[in-house]
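Input: a single structure, listed below in structure tokens.
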């Protein structure tokens with residue numbers, strides 16, 4: 001897509017929001033409480049602040065203010081208000097390709113924010129526990145927050161990821177013509193590295209005419225030991241391993257497809 005010569009500031013708002021899920025099986029009530037405490041500590045407000053601050057560095061944003069809070073009995077929230085950095089928009093790469101991990105990318109932001117909220121969850125029946133983190137990166141300016149997607153998914157290793165990207169508002173060129181998007185995009189997947197895409201099953205649901213792009217991701221490899229908390233697979237009978245595997249698989253399928261499915 002050719003570069004637009006704009007009249008004034010780029011007023012497009014680009015928002016990336018995604019949910020990441022971590023699934024776990026616990027055998028006892030104590031193990032369930034232990035998992036919730038463990039995951040709550042792993043993703044406390046301080047660690048989330050570090051991740052989001054690095055995200056700001058990747059997209060080149062200035063941190064104006066940080067609000068963070070851990071909750072009782074569990075959960076955490078972090079919101080960072082960021083501002084623009086004065087750069088020449090002609091120097092910004094808007095092509096579709098994966099963003100960097102620790103390297104810096106310039107951005108042009110105004111009244112933008114990055115926020116995350118966590119939701120540990122469990123139920124006394126079945127032994128399943130889930131951890132969900134909701135993340136939103138919203139920017140006004142010349143680049144897409146999708147540049148931070150690669151880094152964030154690498155940092156928050158997950159079993160299931162649902163991603164929504166949308167562009168809202170419009171900007172005008174020097175002739176007064178409105179432009180409702182200023183970069184090419186066919187799929188959110190184009191902003192992910194090949195190694196990441198190889199790890200997940202992916203499905204797109206895009207509404208191109210509305211500038212809405214949706215991608216779902218489900219981890220391909222299933223190793224039971226990675227889903228057990230304080231339980232060794234070798235200590236379980238073959239029948240018990242199959243029962244737990246079926247339980248976990250069914251839970252992940254329901255979350256991935258976003259609906260209740262019949263138990264086979």
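The count begins at 1 with the first shown residue.
Cβ coordinates come from backbone N, Cα and C, glycine included.
Noted in Swiss-Prot for the protein shown:
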- 112: active site, schiff-base intermediate with substrate (ACT_SITE)
- 117: active site, proton acceptor (ACT_SITE)
- 140: active site, proton donor (ACT_SITE)
- 112: pyruvic acid (Ser) (MOD_RES)
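Here the C-alpha separation of the residue listed as 'active site, proton donor' and residue 112 (active site, schiff-base intermediate with substrate) works out to 6 Å. Looking only at other Cβ atoms within 10 Å, the busiest spot among the active-site residues 112, 117 turns out to be 112.
In three-state terms derived from DSSP, residue 117 (active site, proton acceptor) belongs to an extended strand segment.
DSSP classifies residue 140 (active site, proton donor) as strand under the three-state reduction.
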